[in-house]
Amino acid sequence: MDGGSPRPPRRPEREGSYNCDIESMDGSVAGGGPPWRSQNGSAEALLRYDDGGAGDRGSTREPLLRKRTMNTTSQIAIVGANVCPIESLDYEVVENDLFKQDWRSRKKKQIFQYIVLKWSLVLLIGLLTGLVGFFNNLAVENIAGLKLLHTSRLMLKERYFKAFFVYGGCNLVLAASAAAICAYVAPAAAGSGIPEVKAYLNGVDAYSILAPSTLFVKIFGSILGVSAGFVLGKEGPMVHTGACIANLLGQGGSRKYHLTCNWLRYFKNDRDRRDLITCGSAAGVAAAFRAPVGGVLFALEEAASWWRSALLWRTFFTTAVVAVVLRGLIEFCRSGKCGLFGQGGLIMFDLSSTIATYSTPDLIAIIVLGIIGGIFGGLFNFLLDKILRVYSIINERGAPFKILLTITISIVTSMCSYGLPWLAACTPCPADAVEQCPTISRSGNYKNFQCPQGYYNDLASLFFNTNDDAIRNLFSNGTANEFRMSSLFIFFTAIYCLGLVTYGVAVPSGLFIPVILAGATYGRIVGTLLGSISDLDPGLFALLGAASFLGGTMRMTVSIVVMKGFPYMEAHAEPYMRHLVAGDVVSGPLITFSGVEKVGNIVHALRITGHNGFPVVDEPPITETPELVGLVTRSHLLVLLNSKNFMKGQVKTSGSFVLRRFGAFDFAKPGSGKGLKIEDLDFTDEEMDMYVDLHPITNTSPYTVVETMSLAKAAILFRELGLRHLLVVPKTPDRPPIVGILTRHDFMPEHIHSLFPNLNPHKYHSASMAG
């Protein structure tokens, strides 16, 4: 949990469903709170009135009965293929005495150093992501190329059954290896990783989501999975890979693996890491498609929840570095020094030498493609949702079942890829073919398969290739008669179904490639059917079809984020939130500390709760009346307690010892290595009866809202500022200075519905739309 609301009980653990360090984030249920200080909400039900629409709230037509309960919104989510505890990130500046002293003492040299380091880091992110992207493509092209070459040689000798066992056996070994390292080393690496990155940039953190082990498995698991012939891509995992690289650099390495750099201490906070990870996700897209502008647009439109102009320039600089690195390495490989790299999978459609002209019938055809993309995309998302729910049940049974599921899908994929091309008839090689026909090397437009010399199998040219080469074949210009209509229908049906059943297995996998493949196929079908009324090339239709299918399915990213259980906050507030105020959803009991608090009280509160923020209230004799000082975080309390600078009396100090003993970086957020935990600290009975001054480490300017503020306004404020805690203060002065704390989970529909069972969100949404 994030604030002064008790951590809800976790779901019952299923055997084999957890593979996360729960202890690092776990906390016990607060129950009734510490006996020395807890502020419970009103025990009686709160009666509110609503007119059932967007009109005046003063009507008494329908009461909203509020149940005063604890926040039982889930604090766990599915990360990769496992269930893990989650926490919120805090992008707020903690303006305590240490922070103020640090900024006052900073010199121009240190500020300049910070700026230079910031740009140096994005340069390194671009360089490393570009190198990893090239390495991924180099490895996939060579591993898959050797597999396809060996299989083709056996088929030329008409040893078809042995060719299938070699082809299927290689796929099986590669798939099992990818699933094994993913299931046992880093379960968080399963899937594309885009939902996890999107959730992180929205303010949600989970254990090992960007850890070095996740990066390792993401790279090699993606290589093995794509080489295994799965209908999946390495483009989605590249987004996660770029984010992991950015996180590793931003936190100064990893304490766990003894790879740390103290000179990167400036970036040990959530705000700077957020910016770096945004650049990393953009670099991942640029490395996958060799599209620097596309990477920036992806980060802006899909990944990031917070954006500003300064981040735009750094993101573009990062993606430009990626493009330069890839271009240089590709030029090096043109000399033939990279094995079977060939053209690589870095660019699929080149418009640099194409001038497309269109007419009115062409626009009608494009509209038809858009409609088809929306229909197929909606159906794809619907079916994928059902399949992922079934897979989650299988994956929760443990690593062996994850591997077994992956092997099963691998066998099905190999049978389809090898078996379906036998349904296609052999086609004579075109006399004006630019490429060699039939193709002898591992890639090309004209696969020989079982056909005699001078003929090719058009369906094998799509199936018996890497996914990148299949897309390149579909996008190729001047090949209007290369693929039969029957072959395109068979390929579309197979790819559509295989894409559905493959996504969700325990390997790093992305949806970009299956969606582009399916969209390009039906785009080429439409282009072939409308060839009599349209002048556009079927390859261009394939490109437009891929774009339409991408448009119809990419909203699935947000759906998967929510389906995985991440408390994702949209940019807009839900309409029903306008009928509630901040004080309506605050949960109790609230635990507060005095400005000078007893050590035993702090230790007890930290041990029995999982709260990460506590209001600090000065009370008599320090002040005449209770006064809100600010907010203190759990991590800062642990650092202060570990120093054991305690006092025997409850006396407010000047805080000079804390300012002399500590610097702002001593309270910096730890990276992937574990920080202090309350279980690591031991105290004597005498120390437990002593006091500690919390004023120097208390954020004296936290964001606060009055309890009567609209919940919709509070939600927008919470998201736009990237907060972890939002303090709710009373409207009248004759009450305690703090009503409660709003955290991310207090804005979740499940929590609000548990408080107001009679509230019908759909009714308010309809009324809002009508208004």
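Note that the numbers count up from 1, one per residue, in the order the chain is shown.
Keep in mind that glycine also has a Cβ here, set from the backbone N, Cα and C atoms.
TrEMBL does not curate its annotations; it predicts them automatically.
Per TrEMBL, these features apply:
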DOMAIN    585-647  domain 'CBS'
DOMAIN    697-758  domain 'CBS'
REGION    1-41  region 'Disordered'
TRANSMEM  116-139  transmembrane segment
TRANSMEM  160-186  transmembrane segment
TRANSMEM  206-232  transmembrane segment
TRANSMEM  276-300  transmembrane segment
TRANSMEM  306-326  transmembrane segment
TRANSMEM  364-383  transmembrane segment
TRANSMEM  483-504  transmembrane segment
TRANSMEM  511-533  transmembrane segment
TRANSMEM  539-562  transmembrane segment
- Item | Integer mean pLDDT for the domain 'CBS' (697-758) | 91
- Per the 3+ Cβ pairs under 8 Å rule, pairs at least 6 apart in sequence, do the transmembrane segment (511-533) and the transmembrane segment (306-326) touch? no
- For the transmembrane segment (276-300), could you work out the same-chain residues 6 or more beyond its ends whose Cβ comes under 8 Å from its Cβ atoms? 121-122, 125-126, 129-130, 132-134, 197, 200-201, 210, 233-235, 238-247, 249-250, 267, 307, 311-312, 314-316, 318-323, 326-327, 346-348, 512
- Message: Assess whether the transmembrane segment (160-186) lies in contact with the transmembrane segment (116-139), where contact requires at least three Cβ pairs under 8 Å among residues 6 or more apart in sequence.
- Response: no
- Note on the structure: DSSP tally for the domain 'CBS' (585-647), helix/strand/coil in that order, comes to 21 helix, 21 strand, 21 coil
- Item | Contacting positions for the transmembrane segment (539-562) when only residues 6+ beyond its ends and CB under 8 Å are counted | 194-195, 198-199, 202, 302, 349, 354, 356, 365-366, 369-370, 372-378, 380-381, 384-385, 388, 471, 474-479, 511-512, 515-524, 526-528, 530, 568
- Query: Which residues, given as numbers and ranges, are at least 6 beyond the ends of the transmembrane segment (306-326) yet have a Cβ under 8 Å from it?
  - Reply: 91, 118-119, 122-123, 125-127, 129-131, 133-134, 201, 274-275, 278-280, 282-283, 285-287, 290-293, 295-296, 299-300, 346, 720, 722
- Task: Count, for each of 206-232, 364-383, 483-504, the Cβ pairs lying under 8 Å from the transmembrane segment (116-139), and report the range with the highest count.
- Result: 206-232
- By a Cβ-Cβ criterion of under 8 Å, what residues six or more beyond either terminus of the transmembrane segment (364-383) are in contact with it? 358, 496, 499-500, 515, 518-519, 522-523, 526-527, 530, 533-534, 536, 541, 544-545, 547-553, 555-556, 559
